[in-house]
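Below is one structure, written out as structure tokens, with a few remarks after it.
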Amino acid sequence: MTDTISTPETLPTVVIAGRPNVGKSTLFNRLVGRRQALVSDMPGVTRDRKEGEAHIRGRRIRIIDTAGLEEAAPETLFGRMRASSEMAVTQAHLVLFCIDARSGITPADAHFAQWLRRQNVPVLLVANKAEGRAGTEGAMEAYSLGLGTPLALSAEHGEGLSDLMGEIIDRVPKAPRVIERSRRGEEGEEEERPPGPLRLAIVGRPNAGKSTLLNCLLGEERMITGPEAGLTRDSISVDIEDEHGPIRLVDTAGMRRRARVEQHLERMSVSASIEALKMAEVVVLTIDATLGVHEQDLQLARLIEREGRACVLALNKWDAVEDRAATRQAIADRIETSMAQVRGISVVTFSALTGAGVHRLLPAVRHTHEVWNSRVTTGELNRWFEEALERHQPPLVDGRRLKLRYMTQAKSRPPTFILFGTRAELLPDSYKRYLVNGLRETFHMPGVPIRLQLRGTKNPYAE
């Protein structure tokens, strides 16, 4: 972790806690106003703490969804999940302790309620799944937990949420107001950079070290890690800040070949990972350097390119690689040979476990983001274009040479150019590659997708 990384502004924090399958993630989604956490009838879906921002009565509140609290040895997966949830509770301004009102109070509820009473943290007891009169008896039974009057609601059906929001506002420190940003630019001006932090997604196959990398960047055990593959099930968003500004980091579930994605829950996890990739500006493709590049890594790289995202290649577990020069070259060559569009991609080697080399990652991300945002003036572009035509004139199509007239840059993010000319739409792929490679080399755009659109112009006297 570098010295320049810090946490973003502090918002009042509300933590949702409780045993597995009491509806914590459903309540989280209700409060943040969108389906951000995976929800399933299967217990234990949530493993890592998931953060979101809720706008309640015009105020900004940080909401944290946690893994279900259950008894387990510290070294086990469930023990590590419980430790992560307990750490979140200690950072809360308010804990929403959820029970299942239909099931009534269980020994696990009583055990963790007793633990909460010792934490010196404000607690609001939430009797969830109390739609209609289904949970009346369970809600009354909840008084025995010694956490005050339970608030009966149904997160799934939206019942009682208004009362809950009022209680939250009354019980947390005064929160910053929601500021509505105008997204409209000047007339005729494209809004190139939306407001907010740089959006960075960490993707890769299972067990490539994505969560360990995020923990290293944060300087804390934020994500559950371990030797088990597929620990991360949901896309987890965390805000950090470096010397250039805020960054929203998203750790994603490992993505395997579709044929191997069998369970419904894993399909949902992969869908969430793909959605996070599509919403990112820069994607860190994390590869286990000891295993080299697999076909699934190439599939992910192609998806990143198709979506027009900037990409940084992160070679993790570098401390375990013996012939480092040969390994680095072999991996970079495999990626570039398979995908000309990412030629010159930034490659960062490190060990997320020890932290060695991780400090180089965010500068590479910032540089790649800058290239992805780059623009070329029309004058510079067409001077280069004329020289490119002189060096290698357009080919003949149906016995006639294509007449290419001029180019403009339509937008950045990714750099997108429009080529105008008579019958330009007939331009062969080989000549398009020649132009794209020339743009990449001349205007210093390594490792980012470049789009070239063709616009034919008709001769008004042809008919």
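Each residue, glycine too, has its Cβ placed from N, Cα and C.
Features reported for this protein in TrEMBL:
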- 18-25, 65-69, 128-131: GTP 1 binding site (BINDING)
- 204-211, 251-255, 316-319: GTP 2 binding site (BINDING)
- 12-176: domain 'EngA-type G' (DOMAIN)
- 198-373: domain 'EngA-type G' (DOMAIN)
- 179-198: region 'Disordered' (REGION)
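The secondary structure of Asn207 (GTP 2 binding site), as reduced to three states from DSSP, is coil rather than helix or strand. Residue pair Lys210 (GTP 2 binding site) / Gly18 (GTP 1 binding site) shows a Cα separation of 27 Å. Secondary structure from DSSP puts Lys24 (GTP 1 binding site) in a helix. If you take the Cα of Trp318 (GTP 2 binding site) and the Cα of Thr66 (GTP 1 binding site), they are about 32 angstrom apart, rounded to a whole number. If you compare Cα positions, Thr66 (GTP 1 binding site) sits closest to Thr252 out of the binding-site residues Gly204, Asn207, Thr252. Distance from the CA of Asn207 (GTP 2 binding site) to the CA of Asn21 (GTP 1 binding site) is 26 Å.
Here the candidates are the binding-site residues Gly204, Asn207, Thr252. The one whose C-alpha lies nearest to that of Lys24 (GTP 1 binding site) is Thr252. Under 8 Å, Cβ to Cβ, and six or more positions away along its own chain, Ala130 (GTP 1 binding site) finds Ala101, Arg102, Thr136, Gly138, Ala139, Ala152, Leu153, Ser154, Glu159, Gly160.
Per-residue confidence over the domain 'EngA-type G' (12-176) averages out at a pLDDT of 80.
Fewest other C-beta atoms within 10 angstroms, among the binding-site residues Gly18, Gly204, are seen around Gly204.
Around Asn207 (GTP 2 binding site), a 10 Å sphere centred on its CB holds 19 further CB atoms from the protein chains shown. Calculated from their C-alpha atoms, the gap between Asn207 (GTP 2 binding site) and Gly18 (GTP 1 binding site) amounts to 28 Å.
Least crowded of the binding-site residues (Asn21, Thr66, Thr252), judged by neighbouring Cβ atoms within 10 Å of its own Cβ: Asn21.
Cβ neighbours within 10 Å of Lys210 (GTP 2 binding site), excluding its own Cβ and spanning all shown chains: 30.
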